[in-house]
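Trainee: Here's a structure for you.
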Amino acid sequence: MFVKAILLLSIAVAYASADCLHCICMRESGCKPIGCHMDVGSLSCGYYQIKIPYYEDCGQPGKKHGESTEVAWKRCADDLKCATNCVENYYNRYKHECAGTGQGACEVMARNHNGGPRGCHASGTLGYWKGVHSCCGCS
């Protein structure tokens, strides 16, 4: 019975995470591969409007041997699977910065995605979070 409860909880968490990611994607690009655009003085690219330092922080998923970081970043950002992997990696790298805030996983993911490693502490990310929350109802 305990194993069954853990399995059901894991499935529920996976769905909540997928809903949260989808809503972040919708907020950033309508969940479309929109290429790169200037945003606050630097390029943001793809489904999640990822900037190059964010791509570096998420571990540069999908980067091929001998490929420049810039080429890999732009390609990854316009590939939904790769870009989603980057956002998940970024969340996992920086979620500890938000321990003790009482924020749920989706709020931490959304606010850090929008505001950087300590975005969960920045009041400027609240509007972004409210938009994501209204999409999925996630916490």
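Note that Cβ sites are derived from N, Cα and C of the backbone, with glycine treated the same way.
For 1-18, the entry in Swiss-Prot reads signal peptide, with the evidence type sequence analysis. Taken from Swiss-Prot, the feature disulfide bond applies to Cys20-Cys106, Cys23-Cys138, Cys25-Cys31, Cys36-Cys45, Cys58-Cys86, Cys76-Cys82, Cys98-Cys120. The active site, proton donor annotation in Swiss-Prot covers Glu28, and the record cites sequence analysis as its basis. Residues or ranges marked as active site, nucleophile by Swiss-Prot on the basis of sequence analysis: Asp39. Feature annotation from Swiss-Prot assigns substrate binding site to Lys51, Ile52, Pro53, Tyr54, Tyr55, Glu56, Asp57, Tyr90, His113, Asn114, Gly115; the stated evidence is similarity to another entry.
Are these features on the surface or tucked inside, and what touches them?
Mentor: Here Cys20 (disulfide bond) comes close to Ala105, Cys106, Met109, Ala110, Val132, Cys136, Cys138: these same-chain residues lie at least six apart in sequence, with C-beta atoms under 8 angstroms from its C-beta. Secondary structure at Cys20 (disulfide bond), as computed by DSSP, is helix.
Taking the Cβ of Cys23 (disulfide bond) as reference, residues of its chain lying under 8 Å away and at least six apart in sequence are, in sequence order, Ala110, Val132, Cys135, Cys136, Cys138.
Under the three-state DSSP scheme, Cys31 (disulfide bond) falls in the coil class.
Neighbour list (Glu28 (active site, proton donor), Cβ cut-off 8 Å, at least 6 residues apart, same chain): Tyr47, Tyr48, Gln49.
Secondary structure at Cys45 (disulfide bond), as computed by DSSP, is strand. Around Cys45 (disulfide bond), the same-chain residues six or more apart in sequence whose CB sits under 8 Å from its CB are Gly35, Cys36, His37, Lys51, Trp73, Lys74, Ala77, Asp78, listed in sequence order.
Around the Cβ of Asp39 (active site, nucleophile), a 10 Å sphere holds 12 further Cβ atoms from the protein chains shown. Secondary structure from DSSP puts Asp39 (active site, nucleophile) in a beta strand.
Secondary structure at His113 (substrate binding site), as computed by DSSP, is helix.
Look at Cys86 (disulfide bond): DSSP puts it in a helix. Counting only residues at least six positions away in the same chain, the Cβ atoms of Tyr48, Ile50, Tyr54, Tyr55, Cys58, Gly59, Pro61, Cys76, Ala77 sit under 8 Å from the Cβ of Cys86 (disulfide bond).
Cβ-based neighbour count (10 Å, all protein chains) for Cys98 (disulfide bond) stands at 22.
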Trainee: In sequence order, which residues at least six apart in the same chain have a CB under 8 Å from the CB of Asp57 (substrate binding site)?
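Mentor: Sequence-distant Cβ neighbours: Tyr90, Arg93, Tyr94, Pro117.
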Trainee: According to DSSP, collapsed to three classes, what secondary structure does Cys106 (disulfide bond) have?
Mentor: helix
